[in-house]
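Data block below; observations after.
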C-alpha cells in the first residue's frame, strides 16, 4: 500500500489504517519538495501525482494507493484511476455527513484554496447550499501551522484568529465544521478554543470513510500484500525533515530514504 501527501497530514490516515489493519505493510511518500499542494496549479498537481505513483510503482510492488490529500483527490483522482490499473482511494470534504449532523443548518468548510476552487468541491457546495448555509474558508496557511506543530513549534493563536476571523465575526458560528485537509485534524483543539470556548462543535473529516473503503477492497478483491516492510520516502532532505524523524518512530518504519521525483 502506498500512501502519499506533501506533508504529515496523511500520517493521520496511516494511524487509523494501522488500528484497523495492524498487519498491513505500507509505503508513506512525503513529497515535502512540493509542500503544500494547496498553492499549486491543477496541472502541477495532476502531473506530480502521476509521477509519484509511476516512480514508486516501478520500484516497489504496490497494489493499493491512498491519496492522503483532499487537494489531489478533488483535482486528480479520476485521472489517476484512468491511468493506473490498481485501486486508488482519495479523501474528500464530507458535506453529506455534515448535513445529517448540523442543528443550526450552518456548516463550516475549511480547506486549501485548490480544494475549494476544484470543480468537485464547487459542485457539492452548490448541491448542499440549497438547504444549508455553508461558510467557507480557503487557506493554505493552516497546513503550514500543522506541520510546524508536529515539529514542536507552538501554535500561534494570533495566526489562527486571523485565519478564522470571518467566522469569529459571525453572529452565529457553524455548529459543524468539515476539515477539508488531512492536516487540519492536528489542530482540532486549537480551532475549538478560538471559535467555541463555551459551546460544542462537531468536526468532520473523511478518514473513517476512506478506511472503510480500503478495508472492503482488501476483503472483496484479490489484492495481495506484496510489500514486506514499512518504508518512508521523502522527496527533499532539509532541516524540517530532520526534526520530523523522532515523530516518525511511532510508525515503525524500517526504511527511511530519499527518492528522486525530478
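Any Cβ shown, glycine's included, is placed from N, Cα and C.
Note that the structure is a prediction, hence the values are computed from the model and not measured.
Feature annotations, reproduced from Swiss-Prot:
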- 69: active site, proton donor/acceptor (ACT_SITE)
- 181: active site, proton donor/acceptor (ACT_SITE)
- 5, 6, 37, 38, 70, 71, 182, 183: substrate binding site (BINDING)
Notebook entry, point to check: Using the residues the record lists for substrate (5, 6, 37, 38, 70, 71, 182, 183), what whole-number Å value is the largest Cα to Cα distance?
Noted result: 12
Margin query: Below 8 Å Cβ to Cβ and six or more residues apart, same chain only. Which residues does that give for residue 5 (substrate binding site)?
Written below: 11, 29, 30, 31, 37, 67, 68, 69, 182
Check: If you take the centroid of the Cβ atoms of 5, 6, 37, 38, 70, 71, 182, 183, the listed substrate site, which other residues of that chain have their Cβ within 8 Å of it?
Finding: 7, 9, 10, 36, 68, 69, 72, 112, 115, 143, 181
Next item on the list: Determine, to the nearest whole angstrom, how far the Cα atom of residue 70 (substrate binding site) is from the Cα atom of residue 181 (active site, proton donor/acceptor).
Entry: 5
Margin query: Between the Cα atoms of residue 181 (active site, proton donor/acceptor) and residue 71 (substrate binding site), what distance do you get, rounded to the nearest Å?
Written below: 8
Check: Reduced to three states, what secondary structure does DSSP give residue 70 (substrate binding site)?
Finding: helix
Check: Who sits close to residue 183 (substrate binding site): which same-chain residues at least 6 apart have their Cβ under 8 Å from its Cβ?
Finding: 7, 8, 9, 142, 143, 146, 147
Margin query: Around the C-beta of residue 182 (substrate binding site), how many further C-beta atoms are within 10 angstroms, looking at every protein chain?
Written below: 29
Check: Minimum Cβ neighbour count within 10 Å among the binding-site residues 6, 70, 71: which residue?
Finding: 6
Notebook entry, point to check: If one looks at the chain holding residue 38 (substrate binding site), which residues at least 6 apart in sequence have a CB under 8 angstroms from its CB?
Noted result: 71, 111, 112, 113, 114, 115, 140, 143, 181
